[in-house]
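Pulled from TrEMBL:
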type: BINDING; residues: D483, N510, G512; note: Mg(2+) binding site
type: DOMAIN; residues: 45-154; note: domain 'Thiamine pyrophosphate enzyme N-terminal TPP-binding'
type: DOMAIN; residues: 242-359; note: domain 'Thiamine pyrophosphate enzyme central'
type: DOMAIN; residues: 452-577; note: domain 'Thiamine pyrophosphate enzyme TPP-binding'
Amino acid sequence: MDTKIGSLDVAKPPCNDIVSCNHTNSTAIQPCVPSAATNGCGDSTLGGHLARRLVEVGVTDVFSVPGDFNLTLLDHLIAQPALNVVGCCNELNAGYAADGYARARGVGACVVTFTVGGLSVLNAIAGAYSENLPLICVVGGPNSNDYGTSRILHHTIGLPDFSQELRCFQTITCFQAVVNNLEDAHELIDTAISTALKESKPVYISISCNLPGIHHPTFSCDPVPFSLSPRLSNKMGLEAAVEAAAEFLNKAVKPVLVGGPKLRVAAAGDAFVELADACGYALAVMPSAKGQVPEHHPHFIGTYWGAVSTAFCAEIVESADAYLFAGPIFNDYSSVGYSLLLKKEKAIIVQPDRVVIANGPAFGCVLMKDFLKELAKRLKHNNTAYENYHRIFVPEGHPLKAAPKEPLRVNVLFQHIQKMLSGETAVIAETGDSWFNCQKLKLPKGCGYEFQMQYGSIGWSVGATLGYAQAVPEKRVIAFIGDGSFQVTAQDVSTMLRSQQKTIIFLINNGGYTIEVEIHDGPYNVIKNWNYTGLVDAIHNGEGKCWTAKVFCEEELVEAIATATGPKKDSLCFIEVIVHKDDTSKELLEWGSRVSAANSRPPNPQ
């Protein structure tokens, strides 16, 4: 799982004394020994300080859109040898790219300009907040002399009040810093970055446009290191929680484990696997946690998603007499319109810093990682639930054999996608039917997987693919994007090409917003069809390595995959897959009807 913050093996910062920082095991971030990689003592400016701090925590790529308020700042970021500034086509995609980057590296950053840029990136930052991602959003702000005056500036809504952007960010970031003087700039920047790492949420930093190039003693080449206060479990609370949980689970006949998306923010993935190894329980994963639990684990039984779970998984989970959920999020989407057949009295819910056992008691100040590690030592081995799963399991059937030149079916497409996956690949799934089709993929050891379930912003995957691929160039990213989603954010295929990425994009062209169709159909779900391969060819314009194909049948798909993984393996490959507008997974049909029912509930009588 590629979720380390400031990870030496992934981010490769320029000196060896940078330590990993995460939500639950935080330590001081030490200053680097001056070197060519960090620009040594050559840039004791605000801009140079910000650049060094980003590199120190593991950010080596910053996604940006230039504007007159951030140009000087960008000069100083570019001057940092260990930092690569990636210019994006728009602010929304820059934010999505920082989101994707943070998923792989553990922290991401974007730089935009005041208000017109800040309000454009807002949606991406909100998505990162919902997914608990540390993301540093830097905005080039007004000249420091303009604060406190009645001047009206461009890029604003025409009022002398410059706080509109700040007020918008206050609801979707965990810390906001407005840097309009040099005296406290060092402290504000360091506090913002450390808060992002501690809280695993986005932060907002506004830097006045006339300040980045000014030298100041606090921006010396060896700045005072800032530290992240370690988060520790209350020892008595931890012991009590473990004792109560062990008693609860050890008397169960067929208990199960289910991993949730907050395993990432708690940095508890390894502890969860340690628990699974020790107890022998059947091991499932919630849909938004796919990729955070190893699917090659011997007791892994699939995705638990209520009525649309992978085969035989829901039956085992919902028939268990005890289940431990580690880091779950139960919303209307993950609960399939609030239709999960779970009972509170059977559940242990473990959140990043809290444990709740059945209808009580609850234990606060108990960190998930510590709890899972200690619980692993106290549980009796019990593989009853897994044996039941193994007993009733019937291997999935194969799609009906396609006739020669028969129009391609989605189930046939994903049968071939499965064969492409390895530890050297990563999957990005866009909001839509790709959610359901990709959930059924079996991830080999080391294969990455990301999608945005809580926020579900259509178009997220284009920017996220750009950022994720930039963060882990050793992996080949395979993205699945619907035609409707692609039309929202298509421009930054251009940035993928400029960055010489080798991603494979499968554009699933079914003529509209299929996921919306299955929730509530209407003419608004039909979109104008594009010549998508023609569009990408035009964006390519002969610069960089790019290959496109349009496939209508299985034979053409097989040929396209062979080309993308063979002669064109070093190119960005864009494969447009033409499928029928009603060709959806059975899971989407079921899920859509249940979500529709939840959305259309009549008002409760007063």
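From the backbone N, Cα and C atoms, a Cβ is placed for every residue, glycine too.
Just so you know, TrEMBL annotations never went through curation; they're auto-generated.
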Neighbour tally for N510 (Mg(2+) binding site), based on other Cβ positions within 10 Å of its Cβ: 21
D483 (Mg(2+) binding site): tally of other CB atoms within 10 A of its CB: 24
Tally of residues which DSSP labels helix, strand or coil - the domain 'Thiamine pyrophosphate enzyme TPP-binding' (452-577): 58 helix, 28 strand, 40 coil
Integer average pLDDT (0 to 100) for the domain 'Thiamine pyrophosphate enzyme central' (242-359): 96
Tally of residues which DSSP labels helix, strand or coil - the domain 'Thiamine pyrophosphate enzyme N-terminal TPP-binding' (45-154): 51 helix, 22 strand, 37 coil
